[in-house]
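Before any comments, here is the structure.
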Amino acid sequence: MVPLGWIGGVLGLILATAISLYANALLAKLHEFGGTRHIRYRDLAGFIYGRKAYSLTWALQYINLFMINAGYIILAGSALKAVYALFWNDGQMKLPYCIAIAGLVCAMFAICIPHLSALGVWLGFSTLFSLVYIVIALVLSLKDGIKSPPRDYSIPGSSTSKIFTTIGASANLVFAYNTGMLPEIQATIRQPVVKNMMKALYFQFTVGVLPLYLVTFAGYWAYGSSTETYLLNNVNGPVWVKAMANITAFLQSIIALHIFASPMYEYLDTKRGIKGSALAFKNLSFRVMVRGGYLAINTFMSALLPFLGDFMSITGAISTFPLTFILANHMYLVANKNKLTSIQKLWHWLNICLFGFMSIAATVAALRLIAVDSKTYHFFADL
């Protein structure tokens with residue numbers, strides 16, 4: 001909202017919702033293409049295009065998931081630092097330290113939860129943590145907004161910087177709605193798979209986006225162009241309430257990271273032939289070394305460049321646009337080439353070209369944002 005303003009932000013969120021629903025619906029309809037159930041994105045791409053596309057799609061997915069995980073580690077570190085500052089505002093606990101602690105907790109959780117289906121009750125806690133954060137952030141933002149004097153909603157920056165931040169914001173918008181792993185999520189849906197997944201998508205992109213809209217609009221309304229990337233840094237209220245919100249954000253980030261890291265864990269487990277009891281010494285030591293090592297690298301990168309908004313922009317640009325919009329449209333076009341009319345084919349080609357251009361432009365804008373922030377703050381910045 002900050003780089004787009006009221007009109008651009010509202011229209012952008014609504015448009016991103018619509019095109020994300022459309023692109024994910026295309027993927028969902030291809031889930032059983034060719035009479036085969038494709039439970040991995042790369043499997044679907046490989047089935048349609050061949051082995052090279054399988055490898056390219058997996059590379060894009062890996063980048064996407066790695067960057068998402070980095071974002072969650074930064075978010076968890078920011079929440080942890082905010083909790084510390086509420087009780088001991090002595091400036092001793094720097095953001096990189098908090099990110100390192102968050103990474104350690106994420107690694108411990110990854111070692112204890114051997115696979116995605118083992119999350120079980122943690123998914124219920126995840127829902128609870130999300131609701132607590134949403135309610136507290138919304139209520140405190142509204143409370144501050146009612147008491148605050150008129151806010152400045154102008155878009156900050158020079159004319160040139162506004163162009164780049166607007167393009168970067170478009171990547172943020174698509175990143176907010178898409179995962180790049182819809183087939184993996186769809187793998188656990190009961191029959192009829194496509195019909196049930198379409199129901200889930202319609203629900204998610206209507207009722208499911210309402211909390212996102214509420215928190216986003218309320219936060220921007222309350223604080224204007226001074227709204228921070230991590231909204232809880234803006235809010236005022238009882239210490240215990242703010243602490244609860246930050247703790248739930250920290251815990252939810254850990255659970256969410258595990259979900260988005262699971263495709264990588266599953267790939268590594270399968271490649272090394274990990275089977276049998278999760279508590280077997282071989283399996284346990286493998287998780288400690290491999291998952292711990294993967295998250296150590298991820299945590300280091302997060303602490304090195306702890307710019308959450310920039311990570312969202314670059315992820316949306318280099319992976320979300322290609323995976324969710326370009327590839328989905330082209331796969332649907334290839335898979336249904338004999339069933340589509342000329343107008344329908346033209347429509348998909350227009351989408352491919354448009355999102356291809358957006359991906360290139362957003363990548364340039366995101367790299368510029370990271371370069372500017374790196375000069376402003378330095379590596380391992382305490383934001």
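Even glycines carry a Cβ here, placed using N, Cα and C.
Over in TrEMBL, the protein carries these features:
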DOMAIN    1-367  domain 'Amino acid transporter transmembrane'
TRANSMEM  6-27  transmembrane segment
TRANSMEM  66-88  transmembrane segment
TRANSMEM  95-116  transmembrane segment
TRANSMEM  122-142  transmembrane segment
TRANSMEM  200-223  transmembrane segment
TRANSMEM  243-268  transmembrane segment
TRANSMEM  288-308  transmembrane segment
TRANSMEM  314-334  transmembrane segment
TRANSMEM  346-371  transmembrane segment
Counting Cβ pairs closer than 8 Å to the transmembrane segment (288-308), the top stretch among 200-223, 243-268, 346-371 is 243-268
For the transmembrane segment (314-334), the distant same-chain contacts (Cβ-Cβ under 8 Å, at least six residues beyond its ends) come to 19-20, 23-24, 26-27, 29-30, 41, 44-45, 48-49, 57, 60-61, 63-64, 67-68, 71, 168, 170-175, 178, 180, 340, 345, 348-349, 351-352, 355-356, 358-359, 362-363, 365-367, 370
